Amino acid sequence: MPRYAQLVMGPAGSGKSTYCATMVQHCEALNRSVQVVNLDPAAEHFNYSVMADIRELIEVDDVMEDSTLQFGPNGGLVFCMEYFANNFDWLENCLGHVEDDYILFDCPGQIELYTHLPVMKQLVQQLEQWEFRVCGVFLVDSQFMVESFKFISGILAALSAMISLEIPQVNVMTKMDLLSKKAKKEIEKFLDPDMYSLLDDSTSDLRSKKFKKLTNAICGLIDDYSMVRFLPYDQSDEESMNIVLQHIDFAIQYGEDLEFKEPKEHEDESSSMFDEYFQEHQNE
């Protein structure tokens, strides 16, 4: 039987560890066994138990304290991840060979790991050799995405990971439970966006014609190919969490031996998901 994996990615502070902790709790409520692997060698603490922790293999602090290497925080993290890539046998021993595994990999937040370093791509290829079906889960902080330019920046970060890893990817706006009522109304337009409408909002502040043309090209690419869409993730709302899990399960065909149901908001009905979520929370 196949094994299943989520690569939980996103900028620092986007809520990756919180996502892993709450998703494990949600799956336990559904009688599903889910394990977590920490792949951040700079992590200090997290609110979940792990089946494997990269800090048992190598830690950023140890690398930075090595007088022969003389690395800073970012250089130290890159060194740790490259060392990890050369020691995948450690991960294989930690994972074992249990069938029907479902594992969340809590990844570091540095974007260079996905843009111009081969480490994460090598990890995906290794997991696939171990018969894992892998889905990328790219998180962005909803509090960061309430302005058009920041939203476009978040889309480009998600797109860079998607192109680099070449795996199914679900993009998620986290911390929806922390937004005010006004902010929730503002962010609704970013969940299933009309990029040309956002373009009109953005370019009025641009003084350079070159930047206007670039922004127009980026928005056109995103809108014409429907390459990036976001799902809301509210850790206080079980339905919101279940919708995200359904989309991930569909991407990797989890439970295909069972009678499988597509996410009820899939494709043409996707807008109803956002309407339902915000209707439920409009009076908060």
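Each Cβ is built from the backbone N, Cα and C atoms, and glycine gets one as well.
Keep in mind the model is a prediction, meaning the values are calculated, not measured.
Summarising the annotation, Swiss-Prot assigns GTP binding site to Gly13, Ser14, Gly15, Lys16, Ser17, Thr18, Thr174, Lys175, Met176, Asp177 and lists similarity to another entry as the type of evidence. The site 'Stabilizes the phosphate intermediate' annotation in Swiss-Prot covers Asn74. Residues or ranges marked as region 'Disordered' in Swiss-Prot: 261-284.
A Cα-Cα distance of 19 Å separates Asn74 (site 'Stabilizes the phosphate intermediate') from Ser17 (GTP binding site). Here Ser17 (GTP binding site) comes close to Ala43, Phe46, Asn47, Tyr48, Asp106: these same-chain residues lie at least six apart in sequence, with C-beta atoms under 8 angstroms from its C-beta.
Taking the recorded positions Asn74, Thr174 in turn and counting surrounding C-beta atoms within 10 angstroms, the largest count is reached at Thr174. Look at the Cβ of each of the binding-site residues Gly13, Gly15 and count the other Cβ atoms within 10 Å; the largest number goes with Gly15. The local packing around Met176 (GTP binding site), expressed as other Cβ atoms within 10 Å of its Cβ over all shown chains, amounts to 24.
Looking at the residues that bind GTP per the record, Gly13, Ser14, Gly15, Lys16, Ser17, Thr18, Thr174, Lys175, Met176, Asp177, the two CA atoms farthest apart are separated by 16 Å.
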